[in-house]
Amino acid sequence: MPTLAVLTAAGSGTRLGLDLPKALVELDGLPLVVHAARRLCASGAVDTIVVTAPPGLREHVAALLRDDPVVDRPVRVVEGAGTRQASVAAGLRAGLVERPGGEPVDVVLVHDAARPLAPPALVRRVVEAVRAGHAAVVPGLPVTDTIKRVTAARAGDPSHAEPVAETVDRAVLRAVQTPQGFDRALLVRAHESAAHRADDERSAATDDAGLVEALGLPVHVVPGDTAAAKITTAHDLRVAALTLREER
Ligand SMILES: Nc1ccn([C@@H]2O[C@H](COP(=O)(O)OP(=O)(O)OP(=O)(O)O)[C@@H](O)[C@H]2O)c(=O)n1
Ligand SMILES: C[C@](O)(CO)[C@H](O)COP(=O)(O)O
């Protein structure tokens with residue numbers, strides 16, 4: 001049965017600090033959203049894609065993807081919303097409309113254009129784990145830094161130094177990435193039951209697996225890939241350019 005990918009691209013990219021939405025920023029001459037869509041298609045594991053575009057840029061994003069020679073799956077573009085969670089919900093609504101005679105989607109991936117170099121093999125790994133029976137799957141990497149839990153700095157301390165409460169056991173930590181993969185019915189249920197918190201940045205979930213966890217249902221981690229790193233800052237964009245060069 002078919003796999004739908006919701007590709008989130010509606011964010012503004014505030015932390016990147018350029019004067020256009022992050023998904024439209026170019027890496028080696030191609031917008032990030034196009035890099036991400038190309039790799040979803042190259043995986044061979046994705047049948048259709050719904051992209052969440054920044055406000056007012058739906059047509060522009062649709063044209064970019066329509067004109068790209070490597071993006072060879074049907075792509076639908078919808079306008080995103082104010083938070084990532086609300087954008088994914090909008091993408092899901094559009095992507096799961098049944099087409100007459102079409103086979104219903106059974107697996108949904110949610111992927112960030114902000115992770116433009118997530119390799120096709122990673123996409124396949126996530127889809128395979130869902131098809132093997134894990135209803136919610138996230139790629140994750142071991143954490144390599146020593147992690148401290150801190151408490152609030154003392155009021156009036158000019159250094160703003162935060163007291164350390166403990167060193168967390170990093171062996172049990174994973175830094176999770178996208179694409180995240182789900183059984184369709186589970187992801188729809190998870191978004192529906194968290195819809196009341198979708199529009200408030202402080203309460204919205206930062207990833208979709210978190211919504212499944214909130215239902216008390218299991219989420220499994222498969223090995224991630226350093227190439228799927230998230231572009232948040234200008235430094236990350238430079239690292240991605242190096243990753244792309246190494247890939248060639
Ligand atoms: N309202 C939003 C916010 C984010 N995203 C998408 O979710 C992914 C992860 O978001 P993030 O990296 O935080 O992107 P921005 O919100 O653009 O970044 P910033 O917080 O720096 O503005 C990105 O692909 C982004 O386009 C989205 O579709 N809709
Ligand atoms: C979904 C995600 O990419 C997984 O690491 C991440 O949670 C997105 O977070 P952001 O704060 O919206 O960048």
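Yeah, the Cβs are placed from backbone N, Cα and C, and that goes for glycine too.
Per TrEMBL, site 'Transition state stabilizer' is recorded for Arg15, Lys22. Among the features that TrEMBL reports, site 'Positions MEP for the nucleophilic attack' is placed at Arg170, Lys230.
Location within the structure of each feature annotated in TrEMBL.
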{"residue": "Arg15", "record": "site 'Transition state stabilizer'", "CB count, 10 Å": "12"}
{"residue": "Lys22", "record": "site 'Transition state stabilizer'", "CB count, 10 Å": "26"}
{"residue": "Arg170", "record": "site 'Positions MEP for the nucleophilic attack'", "CB count, 10 Å": "13"}
{"residue": "Lys230", "record": "site 'Positions MEP for the nucleophilic attack'", "CB count, 10 Å": "15"}
(message) I'd like to know which of the recorded sites listed (Arg15, Lys22, Arg170) lie near ligand 1, counting only a CB under 6 Å away.
(response) Arg15, Lys22
(message) With the Cβ atom as the reference point and anything under 6 Å counting, tell me which of the recorded sites (Arg15, Lys22, Arg170, Lys230) are near ligand 2.
(response) Lys230
(message) I'd like to confirm something. Which of the recorded sites, Arg15, Lys22, Lys230, has a Cα closest to the Cα of Arg170 (site 'Positions MEP for the nucleophilic attack')?
(response) Lys230
(request) Do me a favour and check the Cα-Cα span between Arg15 (site 'Transition state stabilizer') and Lys22 (site 'Transition state stabilizer'); whole Å is fine. (result) 9
(message) Quick check: in three-state DSSP terms, what is Lys22 (site 'Transition state stabilizer')?
(response) helix
(request) Whole-number Å only: compute the distance from the Cα of Lys230 (site 'Positions MEP for the nucleophilic attack') to the Cα of Lys22 (site 'Transition state stabilizer'). (result) 11
